[in-house]
Ligand code: NAD
Ligand code: IPM
Ligand code: MN
């Protein structure tokens with residue numbers, strides 16, 4: 001079993017080192033890792049944020065462990081050369097359309113949530129974010145209108161099959177959890193969302209055991225901080241899911257805690273190719289200072305073990321070790337503590 005490790009930029013290498021430490025400590029027979037450049041570092045070393053050799057390595061691997069990309073020094077490059085294009089390119093090239101972003105309250109962190117402890121304690125939700133469509137991948141440009149004004153545009157669109165496949169993933173996820181699914185859209189304004197809602201309702205006929213509800217995204221943003229305990233599984237489009245998942249992270253205490261799995265069609269089968277990454281970015285403001293919380297990265301490794309390698313027990317072991325470390329007060333600066341990145345990784349290893 002081969003895991004491609006793409007550390008990337010900023011805090012990416014720091015948190016990747018801790019995830020690898022955990023993987024090594026698990027001592028699972030038959031796993032090999034291979035590193036490759038991605039993002040700004042790949043642009044500097046190879047002239048492209050997603051060099052062909054990196055893409056080939058990912059295609060040949062059983063799973064991809066991804067740190068983060070993004071470098072302020074690259075923000076003025078032509079868009080196709082910017083670090084962020086690497087992660088978008090991987091999601092597209094590997095058809096990773098289903099992004100699972102769980103947010104659960106860890107014991108001992110209630111006081112770190114941006115919400116009141118009694119509200120935060122209820123959080124146990126899963127955001128299923130569509131990852132291959134929406135404004136992200138539509139036609140886009142900054143063009144000059146006939147009268148000389150510049151106009152920027154990004155086409156928002158979803159084809160029905162794109163909605164149908166993510167809806168199936170979300171309904172199946174709900175069947176495995178609390179059997180409630182909330183579809184988040186903006187159907188009161190957007191035609192894209194109207195089609196989204198229509199298709200989700202069609203798909204729901206195949207899942208009579210799942211209770212389906214719909215919510216407009218503005219209300220969802222409000223409800224997520226008012227009463228996040230009401231949500232079980234949330235399914236939404238690429239852009240809304242991006243925003244709501246960052247918001248959910250502060251509801252549980254830190255963006256340094258939220259992991260994700262990006263999966264394709266056969267998402268639960270053993271051997272499925274998948275990409276696993278924290279939901280946060282390269283955090284240039286704290287890079288190189290040992291201040292990054294590697295837990296989101298380590299929990300992403302746990303998702304990799306479960307979803308791509310079928311190693312459920314090992315995944316649970318990693319998750320339990322992270323929970324124990326937090327319960328024991330092992331916290332980085334993001335959670336009001338003083339442990340550095342390597343110390344957090346060591347603390348997780350010690351609790352495996
Ligand atoms: P960010 O998530 O990198 O950082 C936002 C804030 O959260 C910062 O203050 C940062 O210090 C903090 N933070 C993030 N992760 C942390 C961790 N593990 N521990 C402690 N604190 C943490 O978002 P941004 O600042 O908007 O973006 C920075 C760069 O990252 C940009 O270039 C952006 O495009 C990129 N980005 C990449 C990904 C990805 O690789 N998937 C995701 C998001 C953003
Ligand atoms: C994320 C990031 C990416 C996204 C960026 C870096 C392209 O914010 O993974 O959440 O918007 O999907
Ligand atoms: Mn994001």
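The backbone N, Cα and C atoms fix where each Cβ goes, glycine too.
What TrEMBL says about this one:
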- 2-348: domain 'Isopropylmalate dehydrogenase-like' (DOMAIN)
- 91, 101, 129, 218: substrate binding site (BINDING)
- 136: site 'Important for catalysis' (SITE)
- 186: site 'Important for catalysis' (SITE)
- 218, 242, 246: Mg(2+) binding site (BINDING)
- 281, 282, 283, 284, 285, 286, 287, 288, 289, 290, 291, 292, 293: NAD(+) binding site (BINDING)
Where residue 129 (substrate binding site) falls in three-state DSSP terms: strand
Binding-site residues: 289, 293 - member with fewest neighbouring CB atoms within 10 Å: 289
Diameter of the substrate binding set by C-alpha atoms, the set being 91, 101, 129, 218, in angstrom: 27
Nearest of the recorded positions (186, 281, 285, 291) to residue 91 (substrate binding site) - Cα to Cα: 281
Listed binding-site residues adjacent to ligand 1, that is, members of 91, 129, 246, 281, 283, 293 whose C-beta is under 6 A away: 281, 283, 293
Local Cβ density at residue 136 (site 'Important for catalysis') - other Cβ atoms counted within 10 Å: 18
Beyond the site residues 218, 242, 246: chain residues whose C-beta lies within 8 Å of the centroid, for Mg(2+): 217, 221, 239, 240, 241, 243, 244, 245, 247
In sequence order, the binding-site residues (281, 283, 285) whose C-alpha falls within 10 A of residue 129 (substrate binding site): none
Number of Cβ atoms other than its own within 10 Å, given for residue 129 (substrate binding site): 28
Distance-selected recorded positions near ligand 3 (C-beta under 6 Å), from 101, 186, 242, 283, 289, 293: 242
